[in-house]
């Protein structure tokens, strides 16, 4: 059985399905008084995906049949809506998507005012630009006078004039030209000064546009909910709405502070990041965080019987009838689909529900904010040592091994790592149930190095001797401590293992490992030893594999 989340059904289907409901309500609503009611989200329970929201709308009604109209509703999952109100009998509901507004509906007053403010500022900016352009036209006229005077001085009339007339012409061109240039310069400066008046206006315009965007963001995807109610007597109270939303979520985040030394300590600082895009801003909402997963699987998988057959491998196999082939294919498809669902169930930890109440009311902008709240600190006592895997890495890493004795389960999430007050990196924590043991690494240890060398056995083959049905390999592992302190080193390596009786594997090590099949991983070996400052430790490890001559090793 699979579960389809509520959001899988298009909201337009909800809107369409309510048209007949709205039409039926119209006749009765026409005979009842309508009262507008403002509503807002007051409580929210957030899940890793989705939320359940509580919304409240205050009312003050006389006795009789009335219609409460909530015009500030976001788009919601209508089939998840539940209503309650003391002193009222709730009747028919009508839900309308504001994206298809009622005929004659007006834009909200605050949005209309914001648009008017933008238009006013744009008009003032245009007026400044018109004044600046007028000054520029004066400058262009002065430049035209300069061009005319320049042409006059070089005309044929100037060349034919006598000395006195030429002198008068030169004085005229000089005086008028100077005046024209001064006028052009003054007009250009005036235009520049006028345009400087646009700077504060453009800043005002940007603020006004941002204010309008905020209003549009806060009110986007709004809808209208009309609730027919009956009051036996005059009543004042609160209409409470409960509904689901898939547009809100939370996830945990951690800061792990490890203090090394003679008395190691680990502090786990827990926090949570919240976000919502429900179509409206949240203001002073009481938030509770839950680990429940309503969007996940809610029922166990079905299982079919497994049919086995034995056949003669030399005998020809009859072709299965088409009907049987289809049925077998359906069984295989069912088995193939069941496997990933089982994996998801294992990773989901369904049924383990932990809740955290936010210490203060939370305000979150629609689709814009990601708020962080603190979930408290846990103090743990770890065992600190160095871990090295020379097969893959020449470095040893600082590791804190601990048991979650805090009494609280740690949820999966990102973690920032700090070692003795120094930031060393980030990682992702897996789910850590109560009383479970875990190892957390806190970065490499400079000066603590490991090497893994294949020993030479024969010319042309480095560390490997091969015959038709035999293979031998020998390695030397060296750990060096170039730090000024002793380290408890845990070193991991491996030898091959077999699940076949005819494939024989023998191995030996000097010194022998302290743990075989480490962490229930077959063939994985662990050595544990103290490495003093400046000291070295060698480990010799070899194995031999033999198998029948008519077989191939893979």
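Using N, Cα and C of the backbone, Cβ positions are placed for all residues, glycine too.
These figures come from a predicted structure and were not determined experimentally.
Taken from TrEMBL as is:
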- 1-22: signal peptide (SIGNAL)
- 45-140: domain 'DUF4140' (DOMAIN)
- 111-145: coiled coil (COILED)
- 184-211: coiled coil (COILED)
- 239-549: domain 'DUF4139' (DOMAIN)
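The list of residues near the coiled coil (111-145) in space but at least 6 beyond its ends in sequence, with Cβ under 8 angstroms from a Cβ of it, reads 176-177, 180-181, 183-185, 187-188, 190-192, 194-195, 197-198, 201-202, 204-205, 208-209, 211-212, 215-216, 219. The residues of the domain 'DUF4140' (45-140), classed with DSSP into helix (H, G, I), strand (E, B) and coil, number 35 helix, 36 strand, 25 coil. Per-residue confidence over the domain 'DUF4140' (45-140) averages 87 (mean pLDDT, predicted model).
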